[in-house]
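A.B. asks: Take this structure, written in structure tokens, and hold onto it; I'll ask about it next.
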């Protein structure tokens, strides 16, 4: 049987993604700051590890999510860190970024680096290093190497965050198109989704899977792709689909450890979001999931995928700037 033709949306996304990578990513390299600020990586690592040691259950997920959300809007340029002004609503104040955290960790690292090496280390590189160091904490070693040399963007728009960041309610077609627009393929989508092995999700982000029926006298309908027992637990925890206060682990059974357990849950119908369950709706994605339940394989593949994501849309050379304060462009 002939394969169906790719959708125009996907073809356009692939083209945009090819352009988004550009040649700038080739200018990133390991130990970029060795000549100009030899202590840069150690400064970030020491600050991040100290903070993660005080909050090992939550902070790694926050810093990894910060990196992910930054890279999906204008590339990995720290535009997510810019504060809104009277004339502009910035990315961090867009709906998808409302529950982000870890900004203070980046601020601390930047302040120390500005004291040691003023005007040298970009906020974008600090975000990339902080994500790696936070996830690596539980292993006692670096899980991946971070190529450096990014520069900071000077534009931050909430509307761009809304249109670019994958949503927990996205179906597979939409997810594939959003990843393709960043030069990331289906394999990257499946592997980077494994970051949901740590962190929590608020009930309002998946509540429609639990309470989709509002007919009087009729029990709430549940998304049939969701494990029934798991759905019962979630419904008891959340109470209503609009509950934006209660949060539950995204990887029940292993919520604070970065491992391959997310894929075990996924096979059992225990993916929290529609976007998780969507990975089972596509044959290419579903065929990858069993192998990713093996922790060694997942960690190796995640290393490759997160390094690829870290090259999306980077600014290098004379592009952008090195912000003095990560929250504001230089005046």
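Using the three backbone atoms N, Cα and C, a Cβ is placed for every residue, glycine included.
Remember, TrEMBL labels are computer predictions, not curated facts.
From TrEMBL, for reference:
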SIGNAL    1-25  signal peptide
DOMAIN    27-330  domain 'Plant heme peroxidase family profile'
DISULFID  37-117  disulfide bond
SITE      65  site 'Transition state stabilizer'
ACT_SITE  69  active site, proton acceptor
DISULFID  71-76  disulfide bond
DISULFID  123-326  disulfide bond
BINDING   196  heme b binding site
DISULFID  203-238  disulfide bond
A.B. asks: For residue 37 (disulfide bond), identify the closest of the recorded positions 65, 76, 123, judging by Cα separation.
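C.D. replies: So, of the listed recorded positions, the one sitting closest to residue 37 (disulfide bond) is 123.
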A.B. asks: Using C-alpha atoms only, work out the spacing between residue 123 (disulfide bond) and residue 76 (disulfide bond) and round it to an integer in Å.
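C.D. replies: Answer for this pair: 10 Å between alpha carbons.
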A.B. asks: Of 117, 196, 203, 238, 326, which is closest to the residue listed as 'active site, proton acceptor' if I measure between C-alpha atoms? They're all recorded positions.
C.D. replies: 196
A.B. asks: Within the domain 'Plant heme peroxidase family profile' (27-330) only, compute the mean pLDDT.
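C.D. replies: A mean pLDDT of 96 is what the model gives the domain 'Plant heme peroxidase family profile' (27-330).
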A.B. asks: Only counting partners 6 or more residues apart, tell me which same-chain residues put their Cβ under 8 Å from the Cβ of residue 117 (disulfide bond).
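C.D. replies: In sequence order, 33, 36, 37, 39, 40 meet the Cβ cut-off.
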A.B. asks: Determine the Cβ neighbour count for the residue listed as 'heme b binding site': the number of other Cβ atoms within 10 Å of its Cβ.
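C.D. replies: Total other Cβ atoms inside 10 Å, all chains included: 24.
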A.B. asks: Would you kindly give the Cα-Cα distance separating residue 238 (disulfide bond) and residue 76 (disulfide bond), rounded to the nearest Å?
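C.D. replies: Cα-Cα, rounded: 34 Å.
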A.B. asks: Of all the recorded positions given, namely 65, 203, 238, which is spatially nearest to residue 196 (heme b binding site) at the Cα level?
C.D. replies: 65
